[in-house]
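Pulled from TrEMBL:
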type: DOMAIN; residues: 17-299; note: domain 'ABC transmembrane type-1'
type: DOMAIN; residues: 331-577; note: domain 'ABC transporter'
type: TRANSMEM; residues: 12-33; note: transmembrane segment
type: TRANSMEM; residues: 53-78; note: transmembrane segment
type: TRANSMEM; residues: 134-152; note: transmembrane segment
type: TRANSMEM; residues: 158-182; note: transmembrane segment
type: TRANSMEM; residues: 237-259; note: transmembrane segment
type: TRANSMEM; residues: 279-299; note: transmembrane segment
Amino acid sequence: MIKKILSYVKSFKIYAFLSPIFVTLEVIMDILIPYTMSIIVDQGIILKDRDVIIKTGILLVIYVLLSFGAGITSGYLATKASAGLSKNLREALYEKIQSFSFRDIDSFSKGSLVTRLTTDVQNIQMSFQMSIRIAIRSPIMLVFAFIMAFKINRNLAGYFLFIIPLIGIFVFYIMISVYPTFRQIFKGVDRLNTFVSENLLGIRVVKSYVREEEQINGFTEISKFLYEKYIYIQKRFMSLMPFMNFTIYTICIIISWVGSKFVVGGSLTTGQLMSLVTYSFQIQISLMIFAMVISQIILSRNSADRIIEVLDKEVSLVSGKSKKKVEDYTIEFKDVCFSYDNTNADEKSNRDDEENKYALCDINLKINPGENLGIIGGTGSSKSTLVQLIPRLYDVSCGSIEVGGIDVRDYDLRELRDSISMVLQKNQLFSGTVRSNLNFGDLEATDKEMYEALKISDAYNFIMEKGGLDMKVERGGANFSGGQKQRLTIARSLLKKPKILILDDSTSALDTKTERNITESLKAHLPDMTRIIISQRVNTLKYCDRIVVMNEGRIESIGTHEELLKNSKIYSEISTSQERTGDFDEEK
């Protein structure tokens with residue numbers, strides 16, 4: 001795991017390599033400073049030797065400047081390397097997420113993916129920065145401080161040996177006790193991000209149903225969970241520093257007390273005693289910092305696990321190896337079944353056992369090039385699921401879907417999806433301008449092509465009235481009505497110049513007249529394009545070449561409007577119901 005994370009340092013390896021070198025230089029200077037000061041005290045001040053004070057003082061200044069310069073350089077290099085690591089990790093994560101199918105994204109919550117891209121990467125960055133600087137500085141400082149202390153007086157330096165195992169055992173106990181809690185905290189943060197994201201996206205629903213209080217209570221519950229877990233961790237860490245301080249200060253008192261006797265006895269000088277006390281504090285600081293680094297590494301270990309989980313996630317939709325272009329746009333469903341829970345039921349013999357799990361079952365349907373096909377059915381009849389299988393937003397669980405006689409799984413994904421344009425139920429506009437949103441359909445689209453697409457989708461007039469192609473689009477298209485957003489997304493899909501256009505209930509917010517205008521405009525300007533239209537309204541589909549009636553994941557009937565009124569009970573009931581309520585009226 002560590003090796004995989006570190007592989008993303010890549011071009012920033014040189015900074016990660018140089019930083020420890022300057023850290024080592026900084027530590028050596030810091031170790032020499034107390035020793036040099038003891039020389040000034042013992043041989044300069046006490047013996048009143050001016051030359052020793054001046055010469056050694058100059059040397060001391062050089063050590064201080066070298067320590068200062070090495071410290072700044074190592075800090076810069078560590079920051080550069082860690083920032084580079086986080087940059088590469090974040091880009092790799094985002095690239096991986098872009099390769100995910102809908103099913104893969106569903107396996108992680110959106111809040112969890114956001115947390116992994118932000119908080120988890122930040123934890124890795126902080127841990128790596130500390131590892132190549134502070135984590136290296138602390139052990140080196142500890143070792144050199146011990147060496148210098150033993151060089152001055154072995155008897156007094158021996159007291160330091162008592163604190164290492166004592167503090168080590170205590171730190172180990174603390175880390176083991178908090179490690180599982182860190183995992184719970186990350187899951188809690190995922191829940192919090194998901195909860196907030198869903199609340200903000202559905203804020204209109206929350207307010208329309210007056211459910212603010214319930215949302216606040218739900219948020220408070222998650223927040224309380226995180227509060228309790230953080231308090232638990234802090235209680236453990238709060239005892240760490242006082243324990244280390246007590247241990248170190250006790251050793252310092254012992255060294256000062258015993259050392260003063262050595263000074264009186266003449267076996268230890270005043271300067272040497274000062275150096276020993278200084279080294280004891282350096283050891284104390286090293287141990288404290290090392291404990292802090294360990295806690296950060298434990299925290300980042302959970303983050304690393306979560307990041308690797310995404311990077312190692314096997315993509316469920318693998319692009320086909322065939323480089324053939326889609327030339328024949330005949331679409332054929334052959335014995336297709338699909339389940340959101342079970343994607344591996346490829347054996348037809350297993351269908352009866354798995355039937356209750358399927359969202360789609362026994363779908364056989366052929367759509368001819370240039371055909372205008374309508375799809376209708378009750379809520380939960382899997383109309384959207386059916387069309388999402390064509391561009392491989394999901395893969396079939398069994399059976400096959402062919403475009404031009406070739407299984408869609410054999411096509412290169414980009415080649416397949418470039419020939420299909422799909423307007424989903426949920427209209428998504430991005431913050432920017434009308435032009436930048438239309439460019440999602442074609443980056444090279446000219447203004448003339450954009451205006452043409454806007455005219456076909458009946459969006460030209462209101463766009464020109466509001467400011468034209470450079471009009472600002474707020475996040476999520478908040479400054480457009482539902483019908484306006486639908487027309488803009490249709491225009492965007494047309495700029496892709498697809499051979500197959502799928503409209504998944506994407507005119508539901510339009511009045512019947514506008515919807516009819518768009519349908520006629522599509523037929524007039526793009527007669528050869530295959531159109532698959534999902535709608536809940538009979539009036540939207542009545543002029544289609546054929547209409548597919550879906551019921552509980554199966555095809556109930558196929559035919560023209562007139563044929564279905566006679567032969568399909570479901571279609572007839574829907575038509576009659578809408579005629580009574582006025583939904584059938586073309587002039588609505």
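Each residue, glycine too, has its Cβ placed from N, Cα and C.
Remember, predicted model here, so these are calculated numbers, not experimental data.
Ranking 12-33, 134-152, 237-259, 279-299 by CB pairs under 8 A with the transmembrane segment (158-182) puts 237-259 at the top. Sequence-remote contacts of a segment are chain residues at least 6 beyond its ends whose Cβ falls under 8 Å from one of its Cβ atoms, and for the transmembrane segment (12-33) they are 60, 63-64, 66-67, 70-71, 73-74, 77-78, 80-81, 83-85, 88, 128, 132-133, 136-137, 140-141, 144-145, 148, 282. Sequence-distant neighbours of the transmembrane segment (279-299) (same chain, 6+ residues past either end, Cβ-Cβ under 8 Å): 30-31, 34, 123, 126-127, 130-131, 134-135, 137-139, 141-142, 145-146, 148-149, 160, 163, 167, 171, 175, 178-179, 182, 237, 240-241, 244-245, 248, 251-252, 255.
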